[in-house]
Each structure stands twice: as structure tokens, then as C-alpha cells.
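Report on the following structure.
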Amino acid sequence: MKTLSLTRPDDWHLHLRDDAAMEAVVNHSAAQMGRAIIMPNLKPPVTTTAQAQAYRQRILQALPQGSSFEPLMTLYLTDTTPPEEIQRAIDSGIIKAVKLYPAGATTNSASGVTDLRYCDETIAAMAEAGLPLLMHGEVTDADIDIFDREAVFIEQVLKPLLARHPSLKVVCEHITTEQAATFVAEAPDNVAATITAHHLLFNRNHMLVGGIRPHYYCLPILKRERHRQALLKAATSGSRKFFLGTDSAPHAQGDKESSCGCAGAYTAPAAIELYAMAFEQMDALDQLEAFASLNGPRFYGLPVNPDKVVLERNSWALPDSYPYADGQRIIPLLAGETLPWKLQKASI
Ligand SMILES: NC(=O)N[C@@H](CC(=O)O)C(=O)O
Ligand SMILES: [Zn+2]
Ligand SMILES: [Zn+2]
């Protein structure tokens, strides 16, 4: 059987939620990833170092015995995050980044930033300390079309921000457009991007042709094929600026299959398998390890994972659903479908 051995990957953009929901999903990531950057968009959001420390403890407690999965914590930036919070975050040693949600852009972003200029002093402290700013890069103006919101964000928010803070480390999270891929590829080394498996595998037709498929609905929304091709090219290009970030975003089945469904694709159970499918489409499986396991740690200044994982070319069916909090179910993306690559079970 054909196999592929990789340094164990990390997930540089992951939603674990909290309490029973977190306990239901965390092992899917822990079974695959060495580490993950944990998103802070809880209710209420993780805005302080103390909250991040407590949240990290809850995650560690939910892990199975013997797991070495490491949650890397983030702070949720608000209009009023003080520069002193950045110093506390650095001193804690557990916080690896700060997350920008433009207010109203996505799930649990109501407490997000209304104007980044309010945060200039805090961002200057981050640039000074080398603490990256991770961004959900979409504008929220009602008059900007949802398919254009990422490209407009680059022009209206990101370029002015980098002009004010040229040395700030920035990760453009879950990029979805040719414009973002080109911007990041041409930017200096302090600017990088994560790309999800679903944006590499699907375009908006998958979500909208032949019926509306709520499990494909996420933000930023799936774009047209031209953009998917640009993302595939960027991810497989060998550039060190692009790395794995699943944006696996669990929502209960009923909250997705609804007249006003939540945004987010649940991809954690088969994350590396989905990326392998995408890289195989480009005949670029030889680039998967750099994207999944090497480029992220390099950007964050962390060592690569010490162990390996093995993917085998052995088709298997993804379950139709998994248990979730409060007796609910959660539907993974590609539920019930056959996937060509399978991660060999770890020994723990
Ligand atoms: N990606 C999504 O569609 N949803 C994420 C939020 C986010 O990453 O924007 C979530 O928390 O559900
Ligand atoms: Zn986002
Ligand atoms: Zn996300």
C-alpha cells in the first residue's frame, strides 16, 4: 500500500469551543495534530491572559491520558485591549498570538474591533514583542458584497495597518482569494497566511448547485474556482509563507441545518486526509510536509514536532455524524463520503 510519512502536523487555526462541546471535539484534533492555535471566540471571548490560562487548563483536562497535544492560546483583541495585556501575555509563556475579529464579521465577533486605529498602541507593543496578529480579514460594511469582503479588507485595512506597523507579524487567516494569495506571497517575511482544507477542495458551486448545502457554509465564504486554483497554487508552491490552519469550526447539526445557519465547517476528524486530497489534485504530495508541519513552526519561532505520522492510500468512509454537546450531533464536512487517504492510528 502506498504510504506517506510526515513530521506530525500542527493546526495553526482551530476552534475548540468550551465545556461539553470542547470535550466532544478536542480528541479529533489531538489524534492528528501536535499543537494547535486555539481561537478565542468563546462566549464571552478570551480577552485576558487569565482567561486564556483557565481555558488552556480546561482543554488539557479534556485530553486523553498520554496525549501530548499542546494548545497554543490566543487573546481576542478588542477596541480597549490595553498594551499591558500584551506584556502579561508574553510573561505567561502560553499565549502565542492575538486575534483580530472585525466587529460583526463572523461567529462570536460582536466584541471585536470596530476600528483598528483604536488598537495602535497595543499593536505597537505586539510588534515590539514579536507577538503575531492573526486576522479574520473581511470588512463588514453592509454595502460591500460578501464575496468581495476579503479583497477590500486587504486594501482598506491590512495595507494601512502594515504601513503603520511594518515589522508586525501578521497571519492572514483562512485566505480564500487570489488577491490574498498574491498579497501574502509578495509581502515581506513577517506576513504569512493559513489556508483551510475546504477552501483548497471546494468552490461556491459545491455549496450552491443542486441544493443549498449548509455544511459547506463558512466564513470567509467559498469563492469561485479561479480563487480555489490560486490557493492550491500558493499552498503547493513551496513558499514558506503558507501553512495549515483548518479553521475547523464546530456547530451542532441543528445550528447548521437551520433557516439561519451558522458559519463554520467541521473538518477536524479528517483534517490531514482532506489536505492530502487537495495536494494530490496538484500532484504535489511532496509539498504537504512543508505546508502542514514545517512552515508554521518556522513562522512562530517554535521547533517542529519530534514525531511522525503516516498516511496510507486506503479508502475509508467518514462517519455521518459524531456526538456533540447536550445530546446533539455534529456533522463533519464530507460526512459519509469515501476519502482516499487515511491517517494510521497512533499508538496512544
Ligand atoms: N470560519 C467560520 O465560518 N466560523 C468560525 C469563525 C471564523 O473563523 O471566522 C466559527 O467560530 O464558527
Ligand atoms: Zn474567521
Ligand atoms: Zn476560524
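If you go along the chain as it appears here, the first residue is 1 and each next one adds 1.
Just so you know, glycine gets a Cβ as well, placed from its N, Cα and C.
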Additional site residue, Leu72, Leu219, Leu294 [criterion: listed by TrEMBL with His15, Leu16, Arg17, Asn41, His136, His251, Ala263 for substrate]: Leu219
Per TrEMBL, His136, His174 bind Zn(2+) 2; matching candidate in Lys99, Lys159: Lys99
From Asp247, Asp255, Asp283, Asp286, the one annotated by TrEMBL with His13, His15, Lys99 for Zn(2+) 1: Asp247
From His13, His15, Asp247, the recorded positions whose CA lies within 10 Å of that of Ala263 (substrate binding site): none
Listed recorded positions with Cβ under 6 Å from ligand 3, out of Asn41, His136, Asp247, Ala263: Asp247
Those binding-site residues of Arg17, Asn41, Lys99, His136 having Cα within 10 angstroms of Asp247 (active site): none
Residues that sit under 8 angstroms from Lys99 (Zn(2+) 1 binding site) by C-beta distance, when 6+ apart in the chain: Met39, Pro40, Asn41, Thr74, Leu75, Tyr76, Leu77, Leu133, Leu134, Met135, His136
